[in-house]
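One structure below.
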Amino acid sequence: MSRGHNIKKSLTPQISCSTSESYKQLDFLPDKLRAKLLPFQKDGITFALRRDGRCMVADEMGLGKTVQAIGIAYFYKEEWPLLIVVPSSLRYPWTEEIEKWIPELSPEEINVIQNKTDVGRISTSKVTVLGYGLLTTDAETLIDALNNQNFKVVIVDESHYMKSRSATRSRILLPIVQKAKRAILLTGTPALGRPEELFMQIEALFPQKFGTWTEYAKRYCNAHVRYFGRRSQWDCRGASNLNELHQLLSDIMIRRLKTEVLTQLPPKIRQRIPFDLPSAAAKELNSSFEEWEKLMRDPYSGATETVMGLITRMFKQTAIAKAGAVKDYIKMMLQNDSLKFLVFAHHLSMLQACTEAVIENKTRYIRIDGSVPSSERIHLVNQFQKDPETRVAILSIQAAGQGLTFTAATHVVFAELYWDPGHIKQAEDRAHRIGQCSSVNIHYLIANGTLDTLMWGMLNRKAQVTGSTLNGRKEKLQAEEGDKEKWDFLQFAEAWTPNERSEELRDEMLFTHFEKEKQRDIRSFFLPNAKKRQLETSCDESRVSQEKNTIVPADPVKTATRGDESDLEPEAKKLKSVAIDDPCRPPEEQPCRPGQAEALLTFGICKAKAQATTPAFCGEGWQCAFCTYINNSVLPYCEMCENPRGGAVPQIDSLNQTQNKNKNEKDDSQDTSKKIQTSSDGEKQVLAHSTPEPLAKSKEEISTTESEDRLTPQPGDEQLKNWPVYDTLMFCASKNTDRIHVYTKDGNQMNCNFIPLDIKLDLWEDLPASFQLKQNRSLILRFVREWSSLTAMKQKIIKKSGQLFRSPVLALEEIAKQQTKQNSTKRYITKEDVAAASMDKVKNDGGHVRLITKGPKPGDPSTKEFLEGGECVPFLNPCTAQGDLILKASTSKGYLQAVDNEGNPLCLRCQQPTCQTKQERKADAWDSRFCSLKCQEEFWIRSNNSYLRAKVFEIEHGVCQLCNLNAQELFLRLRDAPKSQRKSLLDATWTSKLPLEQLNEMIRSPGEGHFWQVDHIKPVSGGGGQCSLDNLQTLCTVCHRERTAQQAKERSQVRRQSLASNHGSDITRFLVKK
């Protein structure tokens, strides 16, 4: 039965670019977005509007589907709230795009859902961003909140995630999309390999339009009964009537190819690299092939699971067999120093082999697989895009093959193939997309006599099916075969063995006592003691630091003053060049000593320990005639008041008036600082003590200031009259991106935002034309200078506060004042502490307590006494029951929670009622632990070490805050290196002075905890326990050992003084003048 007669004839999706009337509908868009859209993108928006906002935008990857979806959703903004469903790794890039193109949205109006219980802001936010990973069967609280919100406009990015009818996320999303009035589905590969993958997406947009699933499968999937032995199965993996399906899809789907609408984009050149494997490498694979051939001769001899399991095993064996050749190929490509390229693989074993090749070549790289957190992936992408020293990106086809941009690469290498052409094309177009300026060469490494040859044929057959369905014509992966003689060296590659299969560590692979007790560095005999040397050379270091800053101004974040850093410097760092990575500093500007070439080659950049001194101007600066501030000699304007160098001395009255004005502005800034959201709990002393001092401008700011008049277009008199002049501005930092939103001094939104790094690079396109005026521009420059002087942790504290502020430094002080002082000598909150707080709350205010657990096992005696089916335990006698309840709560897997007299469960953190007022299901009790995401985060930071490390790593990325060493990168390099090379890698770095057992443990089983720790700025012994993020910092292992030893020494001195005071008086008291 054909459904074609029941569907209206398709409107032509390709709207003429010359028809200006078609674009009049787009006048509603923000000016910046409308000016940025390309003609075919405007056609896509018009196509959706003609279909009342329900369609699929299926443009090929890299054609800008995101901005089209934002434009469509903006047309229906009166019908918001808007729900955006994306892969988990794309939540923050989507938030960045929303803030960029719709600047009228304030930061608090965009909600990025963090976990399955983060539902507090769904009902109040205009835009909600949700990751596919949270749509699981146990996310009942989240699913209920999404259904109750009744979203009228929904965007589903990478909608092919809904391809499976049986997947949980497909069943959850289907009713939400169907119920929405407007629904935009985005995907570059609607069908990855078969027509059956289209049905759920079509059903979400237009239910029953293509009939039931059975009707659709029979008509377009060639559905039939297939027998495996004696068992029958309904097979829907085929394809039929594809031309008819293509015609029907054109009514609800618009699809353009890059070759049709983006002809100026450089071409994509595919090439197959076939090679033969050495017989030793393919030994296991050959035996599996023989087993597979036996099954194929007698199809009744094995079940489907046996066949599929064998194919999966052969797939992995193919990866291991060709890994040695892949390593040699990558090393060959690395011989070209100017080449940046991507390497895609599927199995972890192949990813490991590719990583080893890069490490052995001593090249800087990034690696993204399923274990890398979503927030860290964006950081790694930016590193590859902007750092010229990072030449290779090793990527998982599934984890990094969608949504990310790697246009800095000109070559793509597929170390492995995958099962469908959709994933392959998605991975190809990470580099071949808008923004690519060079042709992209794609190399497929095909090992003859392996599963590769079969998979290549299968990929081309599937490509013909998807091409006929989506594009109306048969297609295949056009790839020319490379010169076989050119790649003959691959067949002589050595067989590769994964680390887990490698032989036991031999003695020569570990450090020994003899090596650790080798002679001291001869230079140490000619140097005084560390503290004496520090005093003698402090002036010289300051002068050298000032000279360095004069030539190449350093990053203000990395040159922040730390008074006790020299005391904590380990001997290994004083006598030996360390290999650390500083992407912001060119390699030619980083000092290297002779004899440290190995360290330089191993870690890419050789850099001396960062000097932590306050810039001192020993007579070489110039004094401002306006404010008398002594500036660096290279600055053309005063750093404090923006007065030009050499300017006339102002009149006294004018000076006094200006000073009074500045004083009033400072007072106003403290009075008018507006609180949008309460800040996190923490220690005022830490923030107040660590407020940064003014630092010298960075190179970008200097160049911006010097060339301001030259680069800024000179407006006419009429424009000058129309542009407003601001004497002060207010700012709000986005919680989820790097953008800063701009407000007037009255707190009114200016509908614009910017990224501080763009301003430092003299990119002002995100700000209105009125910021061409020097007075307006100076306000932004001053903010960027202060913001850049803060550490990443302090910036995060301001972001979390949600405050409106004039100065980030003053905002940090305000946050410190608002925080309650808390002193605790306990490192973490325990279950006993929670139980005691709950019992005290009930004792004082009434109510009862209950023990909440996550999925308690039936018949568990530890929970039966307190909890039956999620019910509460009434509070009886606090004098007799408290001790027993607390004891049993500490030994169980749950928490003792207080419930008030009205039946509302109270938050474990703040003892306030949570958002869950009525518990109807067992799962709700566990989800009602916290009243908000803020309380949940604060509780886990204070009680869970793994969560604490993850949050600090998200901000500081494993970089030591004392010596600026990238300890996380060293850990990844050592973890991914062959075991035989780990010893030499460690011996060339700062870790060489660590204890013997610790070094050998790093070689045997390296872990993050061996390389960096999360340290309390105010120590736990001094009352800094159970703290928030503001009292935490990342330290490498050497700095942490030194700081811990110093603190132990100080505590010992305090104890001795306290003991001595019990038996006598301090003699220094007699020397004090009365």
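Glycine residues also receive a Cβ, built from the backbone N, Cα and C atoms like all the rest.
Note that the coordinates shown come from a computational prediction; the quantities given were computed from them, not determined experimentally.
Quick look at what Swiss-Prot lists:
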BINDING   D59, E60, M61, G62, L63, G64, K65, T66  ATP binding site
COMPBIAS  662-674  compositional bias 'Basic and acidic residues'
COMPBIAS  696-711  compositional bias 'Basic and acidic residues'
DOMAIN    46-208  domain 'Helicase ATP-binding'
DOMAIN    325-481  domain 'Helicase C-terminal'
DOMAIN    1006-1046  domain 'HNH'
MOD_RES   S566  phosphoserine
REGION    46-481  region 'DNA annealing helicase activity'
REGION    659-719  region 'Disordered'
REGION    1006-1074  region 'Endonuclease activity'
MOTIF     157-160  motif 'DEAH box'
Exercise for the section: Counting Cβ neighbours within 10 Å across all chains shown, tell me which of the binding-site residues E60, L63, K65 comes out on top. Expected result: L63
Handout entry: Close approaches to the motif 'DEAH box' (157-160) from elsewhere in its chain (Cβ under 8 angstroms; 6 or more beyond its ends)
Key = 56, 65-66, 69, 84-87, 90, 94, 185-187, 189-192, 197, 201, 204, 402-403, 422
Problem - Within the predicted model, mean pLDDT of the domain 'Helicase C-terminal' (325-481) - result: 91
Problem - All-chain count of other Cβ atoms within 10 Å of G62 (ATP binding site) - result: 23
Problem - Sequence-distant neighbours of D59 (ATP binding site) in its chain (C-beta under 8 A, six or more apart) - result: F40, G44, K65, Q68, G188, I254, R255, R256
Exercise for the section: Can you see whether DSSP assigns M61 (ATP binding site) to helix, strand or coil? Expected result: coil
Fill in the blank from the handout: Other C-beta atoms within 10 angstroms of the C-beta of T66 (ATP binding site) total 21
Practice task
Check each residue in the chain of G64 (ATP binding site) that is at least six apart in sequence and keep those whose C-beta is under 8 Å from its C-beta; list them in sequence order.
Solution key: L38, Q41, I434
Handout entry: Remaining residues near the recorded ATP site, that is with C-beta within 8 Å of the centroid of the site residues D59, E60, M61, G62, L63, G64, K65, T66
Key = G188, R433, I434
Completion exercise
Cβ atoms other than its own within 10 Å of the Cβ of M61 (ATP binding site), all chains, total 21
Practice task
Name the secondary structure element type, per DSSP in three states, that contains T66 (ATP binding site).
Solution key: helix
